[in-house]
Each structure stands twice: as structure tokens, then as C-alpha cells.
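Comments concern the structure below.
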Amino acid sequence: MSATTADARSRPADTKKVHIADTKMTLRNWYKHVDWLNVYFIIGIPLIGCIMAIWVPLQFKTAVWSVLYYFYTGLGITAGYHRLWAHCSYSATLPLQIFLAAAGGGAVEGSIRWWARGHRAHHRYTDTDKDPYSVRKGFIYSHMGWMVMKQNPKRIGRSDITDLNEDPLVKFQHRHYIKIVLFMGLIFPTLVAGLGWGDWMGGFVYAGILRIFFVQQATFCVNSLAHWLGDQPFDDRNSPRDHVITALVTLGEGYHNFHHEFPSDYRNAIEWHQYDPTKWFIWTCKQLGLAYDLKQFRANEIEKGRLQQLQKKLDKRRQQLDWGIPLDQLPVMEWEEYVEQAKNGRGLIAVAGVVHDVTDFIKDHPGGKAMISSGIGKDATAMFNGGVYFHSNAAHNLLSTMRVGVIRGGCEVEIWKRAQKENTNVDYVRDTNGQRVVRAGEQVTKIPQPVATADAA
Ligand SMILES: [Zn+2]
Ligand SMILES: [Zn+2]
């Protein structure tokens, strides 16, 4: 029965015409792809502001007021929309909530409810087709293209906003959004400059229109620049990145690699010297009793993530180096065979059961030709490990690049090879590519106890 219901339900949808976003953009239909209302809000109005600015001189007081109002409305987005409502990274008292909901309205970036839904989808589906502002579709797209071009709402990933749907203040802001935008975005900044020092037009153009433009462009950078520029100290599988420039532009939202790893942390920057005024604002509100329950991940968890990413980078670097043929890929030689080949002029030296071909190296041996030649065709384990000379870590590393075989019954190595065949667990540290990690002093040719008395014997 459920199948028939589903059929019946899907049939009218099938006959419905395809959403414009799902059709190819051509010279004939491009204008249908454009969301003209959004174009008017984020490109048209700022343009009008720029033109008006030609005739409206900028007064000093108005300039200061515009910058202050820029920070206030910007914090409405970063401390309010983003860290409080989208991520619940702390709790705010009602006065602070009202302060932030009004400020966020003045930034003209949609209601809390709309903004948080998109942002939660962005975190859940980062870099995929369901990410509403996926940077994989290009820098410009993630910056503002996703608003300028029509999007099929059905393609955007779902996110849970039941908490926001039950929040009376969020509901109120959503219902009265246009009135709030007009008042906080344009009327209020104009009133302050007009009633304060008589600069009505300056207040409207600079603290209103152009300030909206700058706040919008700055916060759009969290979706574009923060996924484009900088380092990835915590995880490099997705696009979010950390960069001080993004932080400067976005009131501290620039440590975005950290943020995507630890989204419910009220901080974006964790070091005291990094620029995160949004964090300082929330912390100050806590001191004033306006914010509480500031969420923070344990340093232990943060350090683990950083270390794992570091390990990944380290593995990548070690894979670019020549560590010699892996032991399990070397042929096994009988002792007699080894001695025979050495006698026939091949420069073979056995150290700790591993056979090395040093023919081309004899002339370069730092200890001289005679020394190295004396080990050819013999078990040079003791000589190499202190008997004649206690070779350096670098020497063991270099030696490993010359290995060509393993002696049958050659102690550890053959046992290890047999264990490999029998599929028993061999206790070696391996990197992400399954290659054995060789630490300093842990080379197979290095024997734990230096043979200091070999000469005396
Ligand atoms: Zn992001
Ligand atoms: Zn976020």
C-alpha cells in the first residue's frame, strides 16, 4: 500500500517542470537562472550607495559611527547567528539574545532561522552537492554566487533546526524580518547620525548602505576565503582552512579548519595571540553575566587531532624517501651462496643477516677502501656495530638502501620473513601506506648492544 501511495505522490512531481537550477545555462535562459531579488540586495543597493557617496561627503563622526556599527552588526552574525544559534556553543541571557538578534538583522543576511539552517547543512555536508555554498563549485560561487544564482531548494541537504523552531525570539525575528531589516539596517544608523550630529544623508549612505555592503562581503568570506586560503592543521580531507587574513576580515572566524573540527567550541582561535574578537566578546559577556555555559573542547582532544594531521604529513614525507627494498621483498640467500658471490668479485657485505651490495660505494667509504673491503664476504655485524667502528645512524640508513638479500638463518630477519608468510602478527610500526616505519637506531642492521670488545677477542 505504501508503494502505491508513494507512486501516487511521485506522479504529479514527475510531471512538474524541472527546476531552473537543474537546467543548463545558455545565452537564452541565463537571466532565468539569476535570483534578481538577491542581486538587488547584495549588488544593486551597494551600487546605489557608491553612486550616492559621490555627492554625500563623509564626516568624521559618521565614519567612526559606521565602523562601530559595522562591528556591532558583524558580531550579530558571528557571535549571534553563527556561534550562538547555528552551533549553540554557549548560552545567552534574553537581553543578550535580543541585542544579537537585532544586530544580526542589521547585517541583512536573512533571518536567524534561514541562516542557521543553511549553515548547519554546510557543516553536515561540507564540500558535497548538498553543501549550500560548496567551495567545490568555485570561489565566487561559495562567496555570493549561491545567492545570486537560483538554487533548487530540494538539493540542499537537510539539517535539524527543531530547537530554533521552538525558540520564541528566533520565531519573532523570522516573522518580522523585513521590518527588523529596514529598521536595524537603514533607519537606526541614519537616526543616530541625524539626531546625533545632523548628518542624515551620511548616516544613511555610510552607516546604512555601504556598511551593510562591507558586513555582507566580510561574512561571505567565511564561506569562500576560509575554504580557500591557509593551513589545515587538524584535517586536510575537506576544504576548511586557517588563516589570519580571513580572521581579520571576519571578526575572528578565520580559524575555520579548527572550527569545522570543533564546531561547538565557542572559540575559533585557540591561541591567545590569534585574532578572534568574537571570542573576546563572548568571554566579556560571560564576565558581565550575560553569557554562560561557554563550550570548549579539552586541549587533549584538540592536540590529538593536531598530532594525527602532523603524522599524516610526516608519513607523506617519509614515503618520498628511499628506505631500501622492504625486507619481505628481498630474496633469501644461503650463506655459501653469499660467500661464493663475494669471492667472485661482487662487493657483498652481510650485516645482521641482511646482504648489502656495496660495490659502487667502496671508493666513497668515509673510513677508507681497506676497512670496507675487509668485511666483504664475511659476517660484518660486529665490525659495523662497534667492533671496528661504531657506525652512525646515517650509516645504517645509507646501508639499508644497498640491501639485496637476506641470509638463510640470518637471525631476526629470516624469522621475521617466516612470520610474514605464516601471517602471524609482526610487531612493527607501520605508516598509513603500510610501510614499516624505521626510527633512528631501529634499523635492522643495528644491534642493540655495541660489540666493544670484538677487537680484544
Ligand atoms: Zn565552512
Ligand atoms: Zn560554523
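Yeah, the Cβs are placed from backbone N, Cα and C, and that goes for glycine too.
TrEMBL: automatically predicted annotations, no manual curation.
Of the listed segments 63-82, 83-102, TrEMBL assigns transmembrane segment to 63-82. Confidence across the domain 'Cytochrome b5 heme-binding' (330-408), taken as the mean pLDDT and rounded to a whole number, stands at 89.
Within the chain, the transmembrane segment (63-82) has long-range Cβ neighbours (under 8 A, six or more residues past its boundaries) at 97, 100-107, 109, 112, 115-116, 119, 184, 189, 192-193, 196, 203, 206-207, 210-212, 214-215, 218-219, 222, 250-253, 277-278, 281-282. Taken residue by residue, the domain 'Cytochrome b5 heme-binding' (330-408) breaks down under DSSP into 29 helix, 18 strand, 32 coil. Residues 59, 61-62, 65-66, 69, 73, 101-103, 105-108, 173, 204, 207-209, 211-212 of the same chain, all 6+ positions outside the transmembrane segment (180-198), place their C-beta atoms under 8 angstroms from a C-beta of that stretch.
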